[in-house]
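*Asks:* Okay, handing you the structure first.
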């Protein structure tokens, strides 16, 4: 049987030749291997009056016979010696009852059992006699059957008779060649006629045993939607059918071939079968295994299929920036027909596939583990034509509707039964559907995943001393090139740190400016980064951990996080000791049994040990003694640290002399304005007692003492303390030293002077890319950026009036309401300044699209009085879609209050805040105009 149909399909070409070579090779091999098995199938002949039928009901040997004038089923039964019960058993699907069969009129078809046919070879003409041309078109051949299969010939001819028959054919041809009465082409025609008749017989025998061939051709769109399928029996008996099925299809711009085999086992009233398929998508290089089962009865079919991928992830054939592979899944199918009205059929199917991004409906609608149920009806008015409609409803409310029409031409049957309604019933029976195609999804359902076209990785966290600048190591892989990296460093900025671009040409060259170390605080900050490529694709968010220390160290390994002395001074007698304690942690967790090495960085002293191991609390201790007066600095380091951590300096003093035992500053940063002073304090002791009225000499390498000079003396008070102040009018770093007569210099911790923090009065209007004064007419959600300088270079922002204006971490201000707002900025060195936003003369607020009347109501009759009002806003702020809130909009056409002339004409005027484009005489019910209010 060959069918032709059309379906709704779309879309590419290529690899067609490869596909058909594969099919041709498969079919050729199949025909070669199975050429003898075809000879034992069904045979179709026209019956002559002297043909004899043997009454053996064999499913493979059936005769489709059309009653002639004067013939009835009863007369055929008597003349051929076939019982009516046998004939009825073969015709139940054609007639509603035996009595109806007996009423069959001339021209109607019945099925008769066929085993052997009498063939009269004696009808051949004697050699040399005049030729007789039969209806078949072969001269001298009076065979009363127009078609004869090889098995019938073999069954009715002994070897001798077959040889005799062949000899007679040859003799007949020789006689005709000798006859002078024949014209020159007659011999050739005769030979070709004999050969053609035999070839037609062979071809018909092949065609009627092919089972089913289904062809669907779509003439448009490069034949997208076309398919070709064959079911080919290679072993066929009454109770079992073994078959192969091959197919190819070009659907959605993909060439897919299917190769399968299976068996069907026929019981008296039902059929059980199984099949195995390999599906190959040549376009996308996808391979899938299919395993299915079948259960059929008269008027009912069911099947279940499982689909299992045999190929893995690879670049998608037709979906950019995605990989694809076959999705695993299954489907269950049911088809039923009404016995009383077999032309009408119904279909029910459920399919389920598994994966995160499966294209069950199409590659633009990816779903997770999608399923779909299909219901359909079909109508077959005559065997030649079937029309159907299917509705499929799936996960996520996806659905589609498919209309189809098939034309089925069966080579094994005459034309008449294919266009008469009463023969539809046969298609619905087991015998009539014996060679039907396997019901399965021959298209490979695919699963997709987004390619890693852009990835961002930060392999190392950052650990550094306060106020240091640390380079961030970024690893970026981008298919289309890196455009930018967006950071969320709000936690870092809140303490005066920030992430900033280094200013190089590379888009991935960033550095971290660390804030001040907070004594007793966690000093650990989390920042995130996301990369964007030149096509707008974004990477995953990546987190960076920044740990700030009071001195240089690295702690993403096992490292010393804190190193302190139990006192600031001791006797330089070689006996009194200062005890240091080092705390070792990894990622904030104390570490036991870690060796810590100690070293004297500066000064003269002796360590109690060069190393120690941490206890259960992560603590390691060491003592320091000295017989030499002076200042000493000690460091601690683990094996995994790249630099040691220094403790604060300690002082060894000579007890019998007045000595400085302590020096400190009240802060480590100051404003370089000549006024912000750092106060230094020293303590002078002798024999364990404070020394009163003793002179202390101070020196500095930067700034001025008391605003006068870089050297200054101060006198101790009754508590033995002397103080002095240091200021600077320029930015820089200062180291102050102090000494007493006969003693050593003692250095204080380094102090940094920063320029004063200030905000420029000029702002950057972001949508217009200009710098100037803040306009006194506002566009709601307009944005500008404040420019700040001074401080330590790290800033945090805060708005005191967020209902009026908000500010982000970069100093970008967004206007939200009409009024006055104060924006504060604080630098990492704790300087704070403010910027006051003054209320505007008026503000423009954009509402929704509305008719003129509704717009007036929405705005409380406060529409713009003229186009000039909005033109001024445009001139001050630029196009509205230059700001985040309006970024996606292409037009904001706004109503203008009607003039008197407008009221008479029943129209109004508009102005567009994005394109300008002023209009007059606009209908008051225009659908795409916004209510824009003036506040």
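We number each residue from 1, going along the chain as drawn.
Cβ from N, Cα, C; glycine included.
These numbers come from a predicted model, not from an experiment.
Just lifted these from Swiss-Prot, have a look:
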SIGNAL    1-41  signal peptide
REGION    40-153  region 'Peptidoglycan-binding'
REGION    40-212  region 'Required for periplasmic localization'
DOMAIN    63-112  domain 'LysM'
REGION    210-411  region 'Inverse autotransporter'
DOMAIN    560-653  domain 'Big-1 1'
SITE      892  site 'Implicated in intimin receptor Tir-binding'
SITE      895  site 'Implicated in intimin receptor Tir-binding'
SITE      899  site 'Implicated in intimin receptor Tir-binding'
SITE      902  site 'Implicated in intimin receptor Tir-binding'
SITE      907  site 'Implicated in intimin receptor Tir-binding'
SITE      910  site 'Implicated in intimin receptor Tir-binding'
SITE      916  site 'Implicated in intimin receptor Tir-binding'
SITE      928  site 'Implicated in intimin receptor Tir-binding'
SITE      930  site 'Implicated in intimin receptor Tir-binding'
SITE      934  site 'Implicated in intimin receptor Tir-binding'
*Asks:* Of 895, 899, 910, 916, which is closest to residue 930 (site 'Implicated in intimin receptor Tir-binding') if I measure between C-alpha atoms? They're all recorded sites.
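*Replies:* Comparing Cα positions, the closest of these recorded sites turns out to be 895.
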*Asks:* List, in sequence order, the same-chain residues at least six positions removed whose CB sits under 8 Å from that of residue 934 (site 'Implicated in intimin receptor Tir-binding')?
*Replies:* 842, 843, 844, 845, 859, 862, 863, 864, 865, 869
*Asks:* What Cα-Cα separation, expressed in whole Å, is found between residue 910 (site 'Implicated in intimin receptor Tir-binding') and residue 895 (site 'Implicated in intimin receptor Tir-binding')?
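*Replies:* Cα-Cα, rounded: 5 Å.
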*Asks:* Within 10 Å of residue 892 (site 'Implicated in intimin receptor Tir-binding') by C-alpha distance: pick out those among the recorded sites 899, 902, 907, 916, 928, and say none if nothing qualifies.
*Replies:* 916, 928
*Asks:* Measure from the Cβ of residue 930 (site 'Implicated in intimin receptor Tir-binding') and count the other Cβ atoms within 10 Å, all protein chains considered.
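*Replies:* Here the count is 21.
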*Asks:* Helix, strand or coil at residue 928 (site 'Implicated in intimin receptor Tir-binding'), per DSSP?
*Replies:* coil
*Asks:* Which Cβ among the recorded sites (892, 899, 910, 928) has the fewest C-beta neighbours inside 10 Å?
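*Replies:* With the recorded sites 892, 899, 910, 928, fewest surrounding Cβ atoms within 10 Å: 928.
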*Asks:* Rounded to the nearest Å, what's the C-alpha distance separating residue 907 (site 'Implicated in intimin receptor Tir-binding') and residue 916 (site 'Implicated in intimin receptor Tir-binding')? Just drop the number here, would you?
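*Replies:* The separation of the Cα atoms works out to 19 Å.
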*Asks:* Compute the average pLDDT of the predicted model within the domain 'LysM' (63-112).
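*Replies:* Taking every residue of the domain 'LysM' (63-112) together, the mean pLDDT is 83.
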*Asks:* Going by Cα-Cα distance, which of the recorded sites (895, 899, 902, 928) sits nearest to residue 916 (site 'Implicated in intimin receptor Tir-binding')?
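*Replies:* Its closest listed neighbour, by Cα, is 895.
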*Asks:* What are the DSSP helix/strand/coil residue counts across the domain 'LysM' (63-112)?
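*Replies:* Per DSSP, the residues of the domain 'LysM' (63-112) fall into 21 helix, 8 strand, 21 coil.
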